[in-house]
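According to TrEMBL:
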- A:53-73: transmembrane segment (TRANSMEM)
- A:101-118: transmembrane segment (TRANSMEM)
- A:125-147: transmembrane segment (TRANSMEM)
- A:201-217: transmembrane segment (TRANSMEM)
- A:237-257: transmembrane segment (TRANSMEM)
- A:307-325: transmembrane segment (TRANSMEM)
- A:375-396: transmembrane segment (TRANSMEM)
- A:403-423: transmembrane segment (TRANSMEM)
- A:429-461: transmembrane segment (TRANSMEM)
- A:470-540: domain 'STAS' (DOMAIN)
Number of protein chains: 2
Amino acid sequence: MTVNAICYDDKPQIRKRLKKSFGKVCSAKMIKRKLPIVGWLPKYNVNTLVQDMIAGITVGLTAIPQGLAYAIIAGLSPEYGLYSGLVAGVVYTFFGSCKDITVGPTAIMAAIVAKFVAYSSDFAILASFLAGIVELLMGVLNFGFLVEFISGPVISGFTTAAVLQIASSQLKGLFGLRGSAGTYFAESAVSFVRNIKTTTLWDPILGFSTIVILLLLKKLGRGCSITGGVSEKIRCYVSLSRNAIVVVIGMLVAFIVKRTTGDEPVVLIGDIVKGLPTPKLPPFSTTVGNDSYIFGDMLQVFGPSSFVLPFVAILEAVAVAKSFADGVQVDANQEMIALGLCNIVSSFVSSMPTTGSFTKSALNRASGVKTPAGGIFNCLLIVLSVTLLASTFYYVPKASLAGLIITAMMSMVDYEIFGRLWVHSKRELCVLIVTIIMCLGVGLEYGIVTGILLDALFILYSKARPTVYVYSQKEPRADLVVITLNYNLSYCAAEHVRKSILVAAEGISSDSLIIIDGTNLRKIDSTIASTLATVANDVNNKICPCLFLNFDEKLSKMCTALKPQLADKFFCCKKLSDVADMYFKGV
Amino acid sequence: MTVNAICYDDKPQIRKRLKKSFGKVCSAKMIKRKLPIVGWLPKYNVNTLVQDMIAGITVGLTAIPQGLAYAIIAGLSPEYGLYSGLVAGVVYTFFGSCKDITVGPTAIMAAIVAKFVAYSSDFAILASFLAGIVELLMGVLNFGFLVEFISGPVISGFTTAAVLQIASSQLKGLFGLRGSAGTYFAESAVSFVRNIKTTTLWDPILGFSTIVILLLLKKLGRGCSITGGVSEKIRCYVSLSRNAIVVVIGMLVAFIVKRTTGDEPVVLIGDIVKGLPTPKLPPFSTTVGNDSYIFGDMLQVFGPSSFVLPFVAILEAVAVAKSFADGVQVDANQEMIALGLCNIVSSFVSSMPTTGSFTKSALNRASGVKTPAGGIFNCLLIVLSVTLLASTFYYVPKASLAGLIITAMMSMVDYEIFGRLWVHSKRELCVLIVTIIMCLGVGLEYGIVTGILLDALFILYSKARPTVYVYSQKEPRADLVVITLNYNLSYCAAEHVRKSILVAAEGISSDSLIIIDGTNLRKIDSTIASTLATVANDVNNKICPCLFLNFDEKLSKMCTALKPQLADKFFCCKKLSDVADMYFKGV
């Protein structure tokens, strides 16, 4: 029997972490790890190229309509959605560590920036640049662990609220309403009810048809794989391209109706700017109406979002990376670096903030992508569409895009978590619900922060109420009252431990022995040491002898440093009954 | 052998706590507990009366000079310090649960309000009222547990910083300097250096003599008790009255010099307002210069101090109560109620915020007090001094008061904690030093909040890095890789657990078995359950079978609710070697 023990230490090793961070950046070996393309490029061949190309084009067919749609969610002109996909894929090809991941605009990113785009579209581009800087820094300094402090229920509550908010903002497009869509859930809902009379006949018909067709095409692809026979392959590709298909159908219908009747019965996205954006510095100042905003003013407008936006971007990207990791470790820090660079470079071509997209990454994998180079072909398709197809996009009906977004959103909500938490943990259900309410009522960024703080408070409270077992045992020489302390005790548990010992000592006779059993005690801090020493000393002086059993040397030294007179009260023995004997021998 | 186990549960029982709080307030039995005087008054007799009277007067002899001195620290006119002791003792007699405690102004309370008194003295009185309300509410709602989140090092750092700040502000009085004393440490120090040239000969001589006499008188009383012989009794009382003695000496010297030479060689506190203050509502509005402040404006001036001040008051009072508890439980909530009422009532007679005073309580106990009624005699003496002796106080030298404060402060610093933490915990030493720096640099209230947050972050970080043991063991049927999870795991540990399992699974052969040992696992949350289920499923599909050992029913249900296909991977058995047999029998 061979036993090799590795112990993942639980000390908060901030110093080590910082050292490690700087060490990692500097070593030559690590440079290779920070540029994953070095790993796969030498093995690249025609076969991989073809597969990456097919996958890249399939993803592009979804990325184009989604890009237009997400720009609309953010309140931007549709072409910004396309600009956002222009270079991210190329940058990710060099720095990304996960072949499936597709970086691009996402609905949640769009929903968060919408509030700032209400000022000026420059805010979206600056947000991309700033988010990129924060992500890059966090990745370089190994601060990715911060994301670990967001629990499942908080992520789920945030996502649910974002989906509700985005879906409600799409009701306008789905029903072809006039008036504003609103950036908050309540605003959108009220605006929907107020403007429902302005609905036309054809917008909802087209919108709901889009949803039905998407669901049917999704069902068509179930169970078939691109490695199957010809008919299976066709079914599979049709299903994978469903987002492009519905939008093309909508465009064709709108185009034919316009050509034959000269009429526009559904709302179209209209003219979009043709051609590639001119590369330029992100806007560090802007004008809103007659007011000019310098960099500091713009930062003030972002407020807490300056941190929440990159945080959510990292969260989405890491979550997507983990889903496609197949039991292999994800280098979260490398993903953050890649994501940061994608956002920084993209902001030079007028992009809104981007992150790892779940839909597009799933599509990428299903299309059989082999390396991150798939992103390059996706980008090429977008370049083509911006330069050649821009005028065609005039005919894209807003109702088709709304239907596409709502269908994508429906699959993002984890409906089962409500029932699961109701059964297993009402406390977590409460965190989930508070997060949703705060996200919808006050704003997505405040909601997620509230959820994180609430979770942290619950952890602190549970640390303050550790389990303390108390039992009594009759021995020939004395009655023993044993108080068992376990694991790690922190300062906030001091009062609880003190109370437990005093309750145990209440009303017992002076010839009893109180034994504080530290057999399973691993770690205490100075506050606990001081409490134990003080209370044991008080009990010794006023009630009965108070002994310490099996405290390890470090812990006993922490106590005796405070009350040296306790030094003869520490005992180590295997059987509880021996303690009384050892004590009375010593007296 | 009889074993009775009581388990102090560690669930965060917010619901139970609130229920309990309201239940406690309403039950008739509790009313008695909330009015402790009902317990001791029936047993009160002449003997107890005499002892309480002696103690009350002894404490009063210190309370009067300290009151004058603390009012000066707060920047108030000296008579406010006396007003602050007028009714607190009487109120505490009814509601207080600890006979030794003396409620009155303290140096730390004075240092915190000093900043606001710079606006107007009305702020000190309103602070007393507001602190009283917050303390009362916290006591009634059983929210005293919040104080447990302040660790020993933070308390020590805060006290050290307060002592440095107070002592530095007393340098002006000690050296008889001109110019302002400053409310911050740096301000006071700079002001001291700048004005050192204005020092007179006699102020420092009187100040340092005061310190020397106080130390000698303290030494005189060491080892003697009021229950001893006549000479021992005299020595003891002289030592206990030392604060009054040095001030009287200073007064006499100043008085004689003035009468004989017509000169005032030392700075005196000067005229103070004679007579009892008129009872009136606390000032809910005030005027500063030409600006009038309504209640909202005053609250804004207080800022975070609105909570920090009552919090610190509770902390001081509870700490004092615990020191004198003699191994008996302190009802912290009752102490908060008593303290709250003391402050509310006192604010009607122009008092600054008060709390349990360590010096005066120790004096009270040393003087042999028997019940909280001692406070009444202390108050009577203060009433006498305000009405009859007010004009005499003209001759109190500021240098004597400065010497008195500095001597009291010196004993408050825990010098040894620095060395102790250096040996046992550098992390806590860092918290201590950050707290001191923030308290001195930014302000006492910000310093303590920084310390509390820093401690909380360390707890969260340690919760995110639990100990995970990994070891391998060769068995006839398979190589086992065992991953041991312990105690309670919270969401923030999810990534660490996931990584540990994936590292353990790296590079092992597909005929190995990975065993996640939950024998010592007590509690997981939904995030951990989801991580375990996902990673086990991934490992099962891609690497080798991943089994769960001795997970209790609740925990296994949480995992299988997410991945039902794992249901046949949970095993319960005592010996590790049986797991492989059981598994292969089932396959």
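Keep in mind that glycine also has a Cβ here, set from the backbone N, Cα and C atoms.
Per DSSP, the secondary structure of the domain 'STAS' (A:470-540) breaks down as 30 helix, 28 strand, 13 coil. Mean pLDDT across the domain 'STAS' (A:470-540) comes to 90 in this model. Counted as Cβ pairs under 8 Å, contacts with the transmembrane segment (A:53-73) are highest for A:101-118 among A:101-118, A:237-257, A:403-423, A:429-461. By the count of Cβ pairs under 8 Å, the stretch nearest in packing to the transmembrane segment (A:307-325) among A:375-396, A:403-423, A:429-461 is A:429-461.
Long-range neighbours of the transmembrane segment (A:403-423) within the same chain, counting only residues 6 or more positions beyond its ends whose Cβ lies under 8 Å from a Cβ of the stretch, are 65-66, 69-70, 73, 107, 152-153, 156, 159-160, 163, 166-167, 170, 174, 206-211, 214-215, 243, 246-247, 358-359, 429, 432.
Residues 17-18, 20-21, 24-25, 84, 113, 116, 282-284, 286, 298, 302, 305-307, 309-311, 313-315, 318, 332-347, 350-354 of the same chain lie 6 or more positions beyond the ends of the transmembrane segment (A:125-147) yet place their CB under 8 Å from a CB of it.
Long-range neighbours of the transmembrane segment (A:429-461) within the same chain, counting only residues 6 or more positions beyond its ends whose Cβ lies under 8 Å from a Cβ of the stretch, are 108, 111-112, 115, 149-151, 153-154, 156-158, 160-162, 164-165, 184-186, 304-305, 308-309, 311-312, 417-418, 421-422, 492.
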